[in-house]
Amino acid sequence: MKVKTRFAPSPTGFLHVGGARTALYSWLFAKSQGGEFVLRIEDTDLERSTQEAIDAIIEGMEWLELNWDEGPYYQTKRFDRYNGIIDEMLTDGRAYKCYCSRERLDALREGQMASGEKPRYDGKCRDSAHDHPADAPHVIRFRNPTEGSVVFDDHVRGRIEFANTELDDLIIRRTDGAPTYNFCVVVDDWDMEITHVVRGEDHINNTPRQINIYKALNAPVPEFAHVSMILGDDGAKLSKRHGAVSVMQYRDDGYLPEALLNYLVRLGWSHGDQEIFTLDEMIKLFSLDAISKSASAFNTDKLLWLNNHYMRSLDPAYVAKHLAWHMENQKIDTSKGPSLPEVVTLLAERCNTLVEMAAQSRYLFEDFEAIDEAAAKKHLRGVAAEPLALAKAKLTALDTWTTEALHELIEATAAELGQGMGKVGMPLRVAVTGLGQSPGIDAVMALVGKERVLARIDRALAYIEARMAAE
């Protein structure tokens, strides 16, 4: 049997981290079994579904590189298929017309709740549809079994059983003629030959209802794995108040897809004590049965740690492709300056996100408007004029503009003045970057370039001269 899984989001909002983890688990299981992965857009909620949400879901999947083998399929384009089956079910009695008014159903629900009963349809029209004019407003309900139970072995939660008496007759077609979610899902899984359904635990109550529909259609019943919810670090359900919950918000906040995928796979799944997983390792090691039943808490600090790891360990050329988006987003013109892979190599150790990296790289491409006041006050004093002037003279004569050559030049300048490296390096750092902290100033100057370095030293010397005159 060829394994086939699916990710089937509803386009009523953006792709959030819970959905992304579900997609990842479903994708990993398919790939680990040599199977196929299907993307299906469940857009039967015509009022809430939007093209913007569809685009965001696809953009999120593409950014994570969770590529699909089939799809995207859209349920709204398959209404004829669903309605054709519903008509067959009406003909042979597997479904029936229900003429109950909204007022009657509301009163029924209120009465059941008042008496402590579980709200459910009472089957009034189950055998009395002929008492109404055929063209009167109605819905179509599935004739659910009234005896026995539904039992299924969930890959995460073990054996689950529901008595059929707890399940009411689902509406499978609305008054406006639109088929409903629970019915469309079953037909889609049947037609698309889905073998395993991986989804959130909030769907557990839908599962027995859907299994009964599979059986009524004589369709194979897939296996199920219902994964737990993701909580915030305070133990509450993850929401917007915990920070980013949309996948693309993490892109905007400077995370690499590898970091988010690595983090998400560990939110409920583990392999020993291993923390870092490449995608190939995930595929090799992943299994549904190793998913935890317990809810997982989202920890942003852990995600930042992973992001820093991948910024440092991945090929700088690859990281640079993602950095380019942030440089453009922060309106940094990279046409004149070092290459972005060089920027990644310089700054990766010092940054947790690509947003930070882009911001910290600005002085490599643009002249800064002002020098940091605290850094200037401490390091651009009168005593710094001589080291800066001597360094400038040596830099002007330097033919080989490399990190190594610049390091030797700073050492030689300090030695000639009989001072420590810091007495030369710190004034140079503030002069060249405008900041009190940066990577090694030799590496920084190598990327800033000779012309800009000399101009910035001149600016610093002018600052010192003006400061001394004012004192």
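Keep in mind that glycine also has a Cβ here, set from the backbone N, Cα and C atoms.
Now, the feature entries from Swiss-Prot:
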BINDING   CYS98, CYS100, CYS125, ASP127  Zn(2+) binding site
BINDING   LYS240  ATP binding site
MOTIF     9-19  motif ''HIGH' region'
MOTIF     237-241  motif ''KMSKS' region'
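Across the motif ''HIGH' region' (9-19), the DSSP tally of helix, strand and coil residues reads 3 helix, 1 strand, 7 coil.
Within the same chain, the residues at least 6 positions away from CYS125 (Zn(2+) binding site) whose Cβ sits under 8 Å from its Cβ are TYR96, LYS97, CYS98, TYR99, CYS100, HIS132, ARG141, listed in sequence order. Sequence-distant neighbours of ASP127 (Zn(2+) binding site) (same chain, 6+ residues apart, CB-CB distance under 8 A): TYR96. Between the candidate binding-site residues, CYS98, CYS100, the densest Cβ environment within 10 Å is the one around CYS98.
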